[in-house]
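Asker: For reference, the structure I am asking about is given below.
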């Protein structure tokens, strides 16, 4: 029989008592009154903050959006099927935040920063709030550097600068996402971090974007934030803010960033759904009264910081989908008034084979021209005016039977300029080659080229300049303007290519 030694037992008990630390945890706990459609009403959380994260019994997280006298309206960031009436809800004392860091580059994450690409979860040491205040006036500087999209029509007539907000607006299937992806692909070797926020899209569309970027070698400097169509409205609502927070991390490190929100129409619809379920009073088109603030607080986070803060920038390209070209609807007019210009894509132009289908007449850039390189200003100054005059003349010529020679020449040149600006998908053009293309069109070198052969001639000219006249590219890169030596080389290149091209026809 084992001997019991009371003195040893009492010593052990005394030791345990001495080491025992009392830890009292206080947490505010409420009760679910009602749940359904991704919304829960909770009673008893009297000290909860607006936007605070709440934890339900099944570990589902929600955001407190409505703070009322007798209950709190919570939007759920997960499935509500396991949440029952009467179940407890804990307040966490935290506001929504995500991990941020270089580890996210090349990854696909959800609106909460969790990996959804099947790879290892990124491990980051830093967190950042999803909702951050936009930089103030003093810490900003005016837009002074260009952000080249690689699309000739945009870089010449609707230029975008680093730190600008440029809206891409148009009907469905007019090439809005293609412009955004071309811009990402064109940032290769430009030291620009790109973030693509896919809001309310099909998972297959997001997979296609990922494969395109991977194929073009652009995924390494890109982060994709996806809140797919089958995810709760709350995740579609916060996805753009998550993308902005990831971009801000790099911006405050002195880097240039580009954020694409594809698209904000779906975010507004998700917010409308949440607001109506929370019984907020509906306004125009049933959107809540603060839908303008929804987009303004997001887009104001785009900025070009001053040199004291490292000179980083966040350029925003929000996308808005219109119905039958109606830019005067509620959400389009809101976002047009917030941004620094818009690129309007027309379904009529798209269907008539003009791609990218940019309507130059109503597309503008309010600040980007200040950041355009001098060489582009020199050659593209007249381009927008010539195209506008051509569009007017073309409409008039449909009713006129006989036109004088000058009008016929103007129409012929306009058709060639329009042909010159056509560009295939996922093939951005470097700015030096764009200058050569526009110079040849504006100065009448394309007038003798048959209309259907213009694209072949431009391809031949680009190849000739890259392979045989690389000094032209070096001169533009170093001087940023079309010096007389570069112009002479360009004229010679165009004439030599033209002679060879016309001889082979």
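Quick reminder: no glycine exception, Cβ is built from N, Cα and C everywhere.
Swiss-Prot lists these features:
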BINDING   170, 171, 172, 173, 174, 175, 176, 177  ATP binding site
SITE      363  site 'Required for activity'
Asker: Rounded to the nearest Å, what's the C-alpha distance separating residue 177 (ATP binding site) and residue 363 (site 'Required for activity')? Just drop the number here, would you?
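Answerer: One finds 17 Å between the Cα atoms of these residues.
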Asker: Report the same-chain neighbours of residue 170 (ATP binding site): residues 6+ apart in sequence with Cβ closer than 8 Å to its Cβ, ordered by sequence.
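Answerer: Set apart from residue 170 (ATP binding site) by at least 6 residues yet with Cβ under 8 Å, we have 176, 321, 322, 325, 344, 345, 346, 347, 357.
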Asker: Quick one: of 172, 176, which of the binding-site residues has the smallest count of other CB atoms within 10 A?
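Answerer: So among 172, 176, the binding-site residues given, the one with the fewest Cβ atoms within 10 Å is 172.
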Asker: Express the distance between the Cα positions of residue 173 (ATP binding site) and residue 363 (site 'Required for activity') as a whole number of Å.
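Answerer: Their Cα atoms are separated by 18 Å.
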Asker: Within a 10 Å radius around the Cβ, which one of these recorded positions has the most neighbouring Cβ atoms: 173, 174, 363?
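Answerer: When each Cβ's neighbours within 10 Å are tallied, 174 leads.
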Asker: For residue 177 (ATP binding site), what is the secondary structure by DSSP, using just helix, strand and coil?
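Answerer: Assignment for residue 177 (ATP binding site) reads helix.
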Asker: Reduced to three states, what secondary structure does DSSP give residue 171 (ATP binding site)?
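Answerer: DSSP assigns residue 171 (ATP binding site) to coil.
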Asker: Report, in whole Å, the straight Cα-to-Cα distance of residue 363 (site 'Required for activity') from residue 174 (ATP binding site).
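Answerer: Distance between the two Cα atoms comes out at 15 Å.
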Asker: Please list, in sequence order, the residues in the chain of residue 171 (ATP binding site) that are at least six apart in sequence and whose C-beta is under 8 Å away from its C-beta.
Answerer: 321, 322, 323, 324, 325, 345, 347
Asker: I'd like the Cβ neighbour count for residue 177 (ATP binding site), meaning other Cβ atoms within 10 Å of its Cβ, all protein chains included.
Answerer: 21
Asker: Are there any residues in the same chain, six or more apart in sequence, whose C-beta is under 8 angstroms from the C-beta of residue 175 (ATP binding site), and if so which?
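Answerer: Looking at Cβ-Cβ distances below 8 Å from residue 175 (ATP binding site), excluding near sequence neighbours, one finds 345, 350, 355, 356, 357, 425.
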Asker: Show, in sequence order, which residues other than 170, 171, 172, 173, 174, 175, 176, 177 on the same chain lie with their Cβ within 8 Å of the centre of the Cβ atoms of the ATP site.
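Answerer: My list of surrounding residues reads 321, 345, 347, 350, 357.
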Asker: Determine, to the nearest whole angstrom, how far the Cα atom of residue 172 (ATP binding site) is from the Cα atom of residue 363 (site 'Required for activity').
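Answerer: About 18 Å separates the two Cα atoms.
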